[in-house]
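Worksheet: the structure to be examined is printed underneath.
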Amino acid sequence: MMFYDLFSGVKWEVRANDHYFHQSCRRKSFLCFRWGRYADNVVRSYKYTPLTFLPLNLYEQFQRVANLFFLLIVILQVCGVPIIATIPWYSTMLPLLFVLLVRGCKDLATDLVSLSFLSFSHLLCCLSQADLLLLCSTEPHSLCYVETADIDGETNLKFRQALSVTHTELNGDSVKQNLAAFDGIVWCEKPNGNLHSFKGELHWKGERHLLDTDHLLLRGTVLRNTDIAYGLAIYTGSDSKILQNCGKLKLKNTQVEMLLNKTVLILLFMITTALLLAVGAGLFEHRVSPKYDVVSVLQRDSSPAYLGFITFWGYIILLSPSMPMSLYITFEVIHMVHCLLIGWDIEMYWEDNNSPAQARTTTLNEELGQVGHLLSDKTGTLTQNRLLFRQCFIAGHIYDLSWNRFSCGGLKFSDQRLVDKLRERSSPECQEFFTALALCHTVMSEWRDGLPHYQAASPDEEALVCAARELGWVFLSRTRETLTISEMGLTRNYQLLALLDFTSKRRRMSVLVRDPGGQLKLYCKGADIVVLERLQRDWPLQESTERALELFAQGCLRTLCVAVRSVPEALWTEWSRTLSQAGTSTGNQETVLEEIYDQMEKDLTLLGVTAIEDRLQEGVPETIATLRRAGLKVWVLTGDKTETAVNVGYACKLMDPDTILIQGEELRSENTEMTKAPEWGAKFVALSDQCQSVLCCRVTPAQKAEVVEMVRKHSTSITMAIGDGANDVNMIKTAHIGVGLCGVEGSQAVQNADFALAQFRFLRRLLLVHGHWSYYRICILLRYFLYKTTAFALVHIWYSFYNGFSAQPMYESWFISLYTTLYTSLPIQCMGFFEQDVSAKSCLCWPEIYSIGQKEQLFNPLVLAITLLYSVYTSIILFFIPMGILQYSALDYQTLAVTVQTSVLLTMTVEVILHTKFWTKYSVAAVVFSLVAFFLSTLALHSTRLFTASPKDYFFLGIHVCRLIIVHVKNISPKEEMHLIKITNYLKKKKRF
């Protein structure tokens, strides 16, 4: 056992019915400390626990510079030197607590939605939330049918089968007793996220049995057509493959948000301003204070340097509102509302499959209004992916395609010549061709009402198997070792020796079977470029085959080549031995298997070519034409031949009829220097920007992602990738914005996308309407927030020139606390929710409006600078006009403060009113509420009763200064005492003391 463990690299041990062994090695944790080997049987889908919620959530929130900055301000106010607390601590604490509370409640609510506990025992008799080794089932040969839509997005049925030894020994009338006595030991690879790979061995009764993925039931699979499956839990909890595969989410930030983060430069400006004002305070103390006895008395024990240092921190606190703390929470709330509006849009709801539009992320809404490059898959995205078998080429003849008892009436194909040849069995080539279609696939059959119904991994396979069925070659059933078909009413069983899977890299699949006559044959189907190069040398009908492929491509038909090879017994024996050794290798198994497959898939004989029609979705040409008018560069990435892709491009209006095509071969011949240069990607993207559109043919899924990465790297525009299948996931993840379509190839594209749609045509409304509105609303919101907070804070600077740079606040303390959280929050939020510069109909009629976002006209460094300058100008007006009127009057500073703060609020409210173009009842209510709340709270907070109860919290600015003079000045000289008496008498006459 230890020898196997050390030298095979397979180190994970599972013992059946050995509870003590697994319990002693169970993984345990406390806070951030973990120890042990095996995960427990509880799958936790929540993020927080009652113990970790508060510290973890606060840690996440204080990752933001603004929150951390205000926490430091509160610490300075509460724990620092009292003299630097220019405003009460609660004026900063209350807004900070409000922001933390709202964000914390949002995070908690999100976590509660995903809260679930899933437990299971080690030896199970049903499909559960663990990775199981299938031991036996109630089906014949312990076959088990499963659906893996939640794992890989594929909705077709797959089969798993138990080992023959466990099926024989454990099944029977006493299956539960047999399972309780089962003492097998499994050695396998450590937990990993590879969903399509598993290797291990079962050690039982002195024998070793190889295990692979066909013996494993992954967490998330669903039993179909199987009553009970019994299994041994191999990976539990967080060790299961699906959870190991769930890596950390890569967060995407928008360009607007990245530019917003640069407004942290406001902090640098604030520090510089506070430093200059502190220098002014020191100079004032050094040069001006000695000339006025009263001022000298107030600072009699302070040096200018010390006073400047204290004043610096006082101004940091005083100017802190210029940092838009509540902006982040408002930003998130508005993003969330925009996502809800997208989901509620009835114009993007597809009734056929009950699919509304979905915003699966809440951070990218405004980037929907800035997309410059749209990179789209073709099959299933532009087309319906409901394939029809239209034509085929067999033995030099093209047949333009029922009459048997298995027919479902779905074949749009009628060529009496082919039917006659099949019924009369006069063409061995035609018979072999349809035998290949009936055998070379991974389709599962399900019998309903006496007819087979197929579930396939792709629409291509279903179309081909259905076509063979309609013409008499009917796939009936399959097991792990056999395939059963009906050939013109004659049932024949083929022994399945090997299945060479289809992958996006191989672009082909093959089956190796032994026919009822004992002959070994390899049937292969795949892309023409892949299959043709594996044919025998000087294969016949080469010229006619190429003409047929070209003819099919001109008709926008998808083609696959079908081939066969007779395999000698000696070759099969040697090849199977090599294949078995590769199954237990510890190296790069995928590369080894590909090399072994290549050894078998050669010297093929071409049987024919299939031609399948995939119609365009409704509204695709109009959508692409509109998006091109909006300024988007549309790229289509497909694995089809060039001719097929070009014809589809014309059909979907990707290209105009008079478009001049520049193909890759021409680029290579005319611009050899460009393709050899290291920066060829940048040159290619620059060249493509001068073109109407780009069509990439013969690309693999990996190459699709590379194309997106190239455009993203060498272009400043926002990229959007859209696809419908698992092969589009990499492309979707690579782009700035990924859109998944709810197609017929499963849900994996949707699960990995930022937005989900049911039809391609809905993309027009998503971008031109919701995208434009979101960009416009977010930009207005950000500019207004910067404007209102900066203008609000700058008033303190102008007031400093009148108070000797003493860091005395201009506003009342409660106004500072409520300004951003109550008085000015609701009107701008309503703008962020509902504002429209143009209607939805206008957005679609004049798509050129969309270029506003592409050119970043509403939020860029220039607009940001103008906004800040405008806020400086506003702050000057707000302070100097009231000051100029009141400074020589008998009114006090309390009157000045109320006048200035009232002017600030009215100015900000009027600013919202002037920018609002789309009024709703909520917008009107928000404006009215803000004004009423300000005036009522001002009356309440300025009451004599509150002042008497707590003068420290409810004070007038002039009174506060005089009380400081009386309280803190002691041991003064007679001359200084006379000056204080004069000041006191003056204040008494003014009734302010």
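Including glycine, each Cβ sits where the backbone N, Cα and C put it.
Unlike curated records, TrEMBL annotations are generated automatically.
Database features (TrEMBL):
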- 35-93: domain 'P-type ATPase N-terminal' (DOMAIN)
- 68-92: transmembrane segment (TRANSMEM)
- 264-284: transmembrane segment (TRANSMEM)
- 304-321: transmembrane segment (TRANSMEM)
- Asp377, Lys378, Thr379, Glu461, Phe502, Lys525, Arg558, Thr638, Gly639, Asp640, Arg698, Lys704, Asn727, Asp728: ATP binding site (BINDING)
- 750-950: domain 'P-type ATPase C-terminal' (DOMAIN)
- 784-802: transmembrane segment (TRANSMEM)
- 858-881: transmembrane segment (TRANSMEM)
- 893-915: transmembrane segment (TRANSMEM)
- 922-942: transmembrane segment (TRANSMEM)
- 954-972: transmembrane segment (TRANSMEM)
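Shown here: features listed in TrEMBL, placed on the structure.
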{"residue": "Asp377", "record": "ATP binding site", "CB count, 10 Å": "28"}
{"residue": "Thr379", "record": "ATP binding site", "CB count, 10 Å": "25"}
{"residue": "Phe502", "record": "ATP binding site", "CB count, 10 Å": "20"}
{"residue": "Arg558", "record": "ATP binding site", "CB count, 10 Å": "26"}
{"residue": "Gly639", "record": "ATP binding site", "CB count, 10 Å": "23"}
{"residue": "Arg698", "record": "ATP binding site", "CB count, 10 Å": "15"}
{"residue": "Asn727", "record": "ATP binding site", "CB count, 10 Å": "22"}
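Counted over residue pairs separated by six or more positions, the transmembrane segment (893-915) shares at least 3 Cβ pairs under 8 angstroms with the transmembrane segment (784-802), which defines the two as touching. If you look at the transmembrane segment (858-881), the same-chain residues 6 or more away from its ends with a CB under 8 A from one of its CBs are 256, 259, 263, 775-776, 778-780, 782-783, 786-788, 790-795, 797-799, 810, 852, 900, 903-904, 907. Sequence-distant contacts of the transmembrane segment (264-284) (same chain, at least 6 residues past either end, Cβ-Cβ under 8 Å): 65-66, 69, 304-305, 307-309, 311-313, 315-316, 319-320, 322-323, 786, 790, 793, 797, 800, 804-807. Per-residue confidence over the domain 'P-type ATPase N-terminal' (35-93) averages 71 (mean pLDDT, predicted model). In this entry, Asp377, Lys378, Thr379, Glu461, Phe502, Lys525, Arg558, Thr638, Gly639, Asp640, Arg698, Lys704, Asn727, Asp728 make up the residues listed for ATP, with the farthest two CA atoms of the set 23 Å from each other.
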